[in-house]
Every structure is written in C-alpha cells, then in structure tokens.
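Trainee: Once you've had a glance at the structure underneath, I'll fire off some questions.
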Amino acid sequence: MAPSNQLEVPQKSRVTVVGSGNWGSVAAKLIAFNTLHINSFHDEVRMWVFEETLPSGENLSDVINRTNENVKYLPGIKLPKNVVADPDIEHAVRDANMLVFVTPHQFMEGICKRLVGKIREDAVAISLIKGMEVKREGPCMISSLISEILGISCCVLMGANIANEIAVEKFSEATVGYRENKEIAEKWVQLFNTPYFMVSAVQDVEGVELCGTLKNVVALAAGFVDGLEMGNNTKAAIMRIGLREMKALSKLLFPSVKDNTFFESCGVADLITTCLGGRNRRCADAFARNGGKRSFDELEAEMLQGQKLQGVSTAKEVYEVLSHRGWLELFPLFTTVHEICSGRLAPSAIVEYTEHSARLPLLESPVHLN
Ligand SMILES: NC(=O)c1ccc[n+]([C@@H]2O[C@H](COP(=O)([O-])OP(=O)(O)OC[C@H]3O[C@@H](n4cnc5c(N)ncnc54)[C@H](O)[C@@H]3O)[C@@H](O)[C@H]2O)c1
C-alpha cells in the first residue's frame, strides 16, 4: 500500500501543435509561454513541421531546433526554447492530450486520416484553421472533420489575429468556440490567454468557425475594391454586405448559430482586420490591378513565399454549397467573388454589385428557402 503522505499527483497536460506555418509558429510561441508558467501543463510544446529543405540544404525542423526560429514562416521572431520542432507527425502527437491543429485547411483530411489510432484516447483538440471541406452531403467544418475522423471533441479558436502582429506582442483578442464542455473550453482559454492576447469563450463552435472561414471571401472582395481604387465608402459597403452574407449563410447552414457571435473578436473584428491587412486582401488587390490577367496561383507563389491563400479555395467551396442548395442569387457578394476568382467575371464586377433589398430579408428566415 502507498504511504499516506504520497498524494496522487494530477497528470500534467501535454500539448502538440500540428502545423508550423506563420500562425502555427505564433500559436506555439503563445502556448509555450503559458506551459512554462502554468503548473498544470508540461513545459515542452511539440510542433509538427511539414519538413522541407531550405536553400542552405538544411532541414527546416533542424534549423528551428538549432536557432529557435522558424526562419521560413516566422523569420526574425525567437520561439521559446521549450518549443521542439518534430518532423515525424506520429511521434509528435503520441504523448499529447491537447492537440492544436493549425495547417492550411486543404491538408487536414489527409493529416487526420494519418493520425487515426495514433493519438491518446483522452486527447482533445482545438482548430485554428479557417476553411471548410465540401462533401456531397454538404459543407463539413474542419472541427467536425477532426471530430469525425479522430473521434475526439474539437473546439475552435478564431479572431482578429494577423499572426505577424501577435508575434511582436501587439494587443489583440480571440474567441474560443465550444460545443458543450465549458471546462475544456476554459482549459484552452488558459493555454492561449496572455496579457497581450485576450481570449474569451462562447458556446457556438459553428458560428465562430464560420466567421473565421467566410470572412476570407469578403477580404477578397475588399482587395478587389482596393485594387480598383474605389475608396473607403465602397470598401465599407462591401464589408457590411459581406458581414450580412456571413451571418445569413451561417444561420441557414446551422440554425443554432448565435447573433452575438458576430460581435465577438471572431466576427466583426476579424472581418475588419482581414479586409484591412490580410494576405487575401493583398493578393486580391494585386489581382484587380492586373485586370485579372495573372492567376491567384501565380500571385500566391510570388507574394506569399510558401504561405497559403485560403480565400480563393473557400470562395469556391462556398459557391459549391450555394449552387447545390439553389442559393446563389441570395448571396450575390459570395457568388460574384468566386466568379471573379475563376475568371468568369472581371474584377470590376464587384462594384457593379447592388444589394437586392427585396431578397435579403428572406435570408433571415430559412423557412422561406425550403
Ligand atoms: N497567418 C495568419 O495570420 C493566420 C491567422 C489566423 C488563422 N490562420 C489560419 O491558420 C491556418 C494555418 O496558416 P499558417 O499561417 O500557419 O500557414 P502558412 O500559410 O504560413 O504556411 C503554410 C504551411 O503549410 C505547410 N504545408 C505545405 N504543404 C503541406 C502539405 N502537403 N501538408 C501539410 N502541410 C503543408 C507548410 O509547411 C507551412 O507550415 C490557416 O487555416 C489560416 O487560415 C492564419
């Protein structure tokens, strides 16, 4: 029998970040600061690196571990020493009970399938990924994809979070969306929250995730407006109409989505920052300035140095959902953005858009659409 003075010590949580791009590296930085300071977490944070060879001939993961810097995706920022880069995904997740997913959304299905049977039974997840998969049955949010393939609960974290600004510790806010378990949500808040990164939780996974996903489509529209030099009034109008379409589509797809979610950091704040400063806006600006003659693939490769654009693929996915459900005419902004991206319309079509006031009230009540 154990001596009575040997109390059972609760197991410390172990965190692995699956992804090491721009936001993935900043997320690892935030988390690693907290795991060092909060007793209930194990100090070390594993960060899975999709391995690549740098121009120097070295592996990216070796350079991160030697220099404490992700020289490709977050140059100039030191990561805490307790972040350990690991190119072996199965090894990286093996001991973790808290999994943070943060890769471009198009890689997630493959990643999840590789992890089946490789994670701890008590693992829980959070997704920082903006995007969705479109299946024959309809849209599948990335948090649902993770839950369905891996059989674990998955929260989301979204917000007005341009990674490079958080990397230099400028104040910002973020929203955790959770389904039922408030305790798990609070643990995620504890893991991410710092004095310069204020996190709060709302019980609305789909609302939070759809805000983060759909705003990238609106950011492309804002970028077209900038590239056409239409000015601030037009851009504000596009943002307002975009927010309205974001809210309407979210509520049509998931009637449980709450209005208040759109006033959290993941909603209007993320929309504003993305339409002012994000990479989707920048590439769409360049696309419009070139009259749509240079493709988004070309602009992404030239302007983003390995980082991925999410808006163009999300616009296509949203278009597929709208077209499948017969909703294209109800969402003229989303529809027009995809038609511009795919070359069917000129960038100037975005400002030829007018709000069909007779149609939009229908968006508020899904019953009319059945
Ligand atoms: N960067 C931001 O400011 C920001 C902010 C909030 C949310 N996000 C979201 O975070 C997610 C990740 O974005 P990011 O900025 O960290 O990445 P990124 O665009 O900076 O980098 C791309 C990443 O994809 C990896 N990659 C390339 N090919 C791959 C493959 N075949 N399989 C797996 N991984 C591969 C690269 O190694 C790299 O880590 C996205 O959903 C994005 O929308 C980004």
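The backbone N, Cα and C atoms fix where each Cβ goes, glycine too.
Here the structure is a predicted model, which means the values were calculated and not measured.
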Trainee: Write down the one residue from PHE107, PHE224 that TrEMBL lists together with GLY19, SER20, GLY21, ASN22, TRP23, GLY24, PHE50, ALA163, ARG279, LYS308, GLN310 as binding NAD(+).
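Mentor: Of the residues offered, the record points to PHE107.
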Trainee: Kindly point out which candidate in LYS118, LYS130, LYS135 is recorded by TrEMBL as part of the substrate site with ARG279, ASN280.
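Mentor: TrEMBL lists ARG279, ASN280 binding substrate, and from LYS118, LYS130, LYS135 it also lists LYS130.
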Trainee: Count up the helix, strand and coil residues in the domain 'Glycerol-3-phosphate dehydrogenase NAD-dependent C-terminal' (204-352) according to DSSP, in that order.
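Mentor: The counts are 115 helix, 0 strand, 34 coil.
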Trainee: Sort the recorded positions PHE50, ALA163, LYS215, LYS308 by C-alpha distance from LYS130 (substrate binding site) and give me just the closest.
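Mentor: Sorting the recorded positions by distance from LYS130 (substrate binding site), the top entry is LYS215.
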Trainee: Please list the recorded positions from ALA163, LYS215, ARG279, ASN280 whose Cβ falls under 6 Å of any atom in ligand 1.
Mentor: ALA163
Trainee: What does DSSP call GLY19 (NAD(+) binding site) in the simple three-state scheme?
Mentor: coil
Trainee: Which of LYS130, LYS215, ARG279, LYS308 has the fewest nearby Cβ atoms, counting only those within 10 Å, among these recorded positions?
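Mentor: Ranked by other Cβ atoms within 10 Å, the recorded positions LYS130, LYS215, ARG279, LYS308 bottom out at LYS308.
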Trainee: Suppose the substrate site is LYS130, ARG279, ASN280. Which further residues of the same chain have a Cβ inside 8 angstroms of that site's Cβ centroid?
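Mentor: The answer, listed by sequence position, is ASN216, ALA219, THR274, GLY278, ARG281, LEU309, GLN310, GLY311.
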